[in-house]
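Swiss-Prot annotations:
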SIGNAL    1-20  signal peptide
BINDING   H95, H97, H157  Zn(2+) 1 binding site
BINDING   D99, C176, H215  Zn(2+) 2 binding site
BINDING   D99, K179, N185  beta-lactam binding site
Amino acid sequence: MKKLFVLCVCFFCSITAAGAALPDLKIEKLEEGVFVHTSFEEVNGWGVVTKHGLVVLVNTDAYLIDTPFTATDTEKLVNWFVERGYEIKGTISSHFHSDSTGGIEWLNSQSIPTYASELTNELLKKSGKVQAKYSFSEVSYWLVKNKIEVFYPGPGHTQDNLVVWLPESKILFGGCFIKPHGLGNLGDANLEAWPKSAKILMSKYGKAKLVVSSHSEKGDASLMKRTWEQALKGLKESKKTSSPSN
């Protein structure tokens, strides 16, 4: 049975009730040439988690910013755009966790170019996961010149977390680095570095018109400041926890 893709006007809650059937992949048009894709996966300890990524159109070419959680949803996403006359020219994964890289293996099998930083590929390899076909080491890397910039602000949610800047629309995809309501999964986080990295991001993209996070609502540039505040709070709490009792 063919599933309907819904163009929705608002984001879903980051975590929905566990045990319910997973919602279908969602696609939302943000503005001309920029779409948000939203996928869902049940994650142990977190329930059903919502994950946002982007699709950026450059003429008749389409670029995926993060894959959905699974190969199945990645294939659906690709087909949705192919059926509308677009060619998938490349994908970038913002960090090594499966909510950004879950579709890499399928994309590689379809000869769709996959990109990640060298650090992300190293972490994927250490985790026994399929790596992106192409990698880069630059702090700032143009996936498409003057259209799609990939930037490394420094460690935070993970050692390798990247953000993606769309200069024409002034949209920043902050991925899992942007955490305005709490830092979430800290399993691979660098709490010492996160506040400084957030400051770097604020300095570079403070004029962003719209900021898209992986797991929370979209908003304005204040999401970066709120992330910095959460990072400072998380660092202070971690130091209290690790301090020896008197």
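Yeah, the Cβs are placed from backbone N, Cα and C, and that goes for glycine too.
Summarising the environment of D99 (Zn(2+) 2 binding site), the number of other Cβ atoms within 10 Å of its Cβ, over all protein chains shown, is 26.
Between D99 (Zn(2+) 2 binding site) and K179 (beta-lactam binding site), the C-alpha separation comes to 15 Å.
In this structure the residues listed as binding beta-lactam are D99, K179, N185; their two most distant Cα atoms lie 15 Å apart. A Cα-Cα distance of 6 Å separates H157 (Zn(2+) 1 binding site) from C176 (Zn(2+) 2 binding site). Each residue in H97, H157, C176, G184, S214, H215 lies on the same chain as D99, K179, N185 and has a C-beta within 8 Å of the C-beta centroid of that beta-lactam site, without being one of the site residues. H95 (Zn(2+) 1 binding site) and N185 (beta-lactam binding site) are 14 Å apart (CA-CA, integer value). The secondary structure of D99 (Zn(2+) 2 binding site), as reduced to three states from DSSP, is helical.
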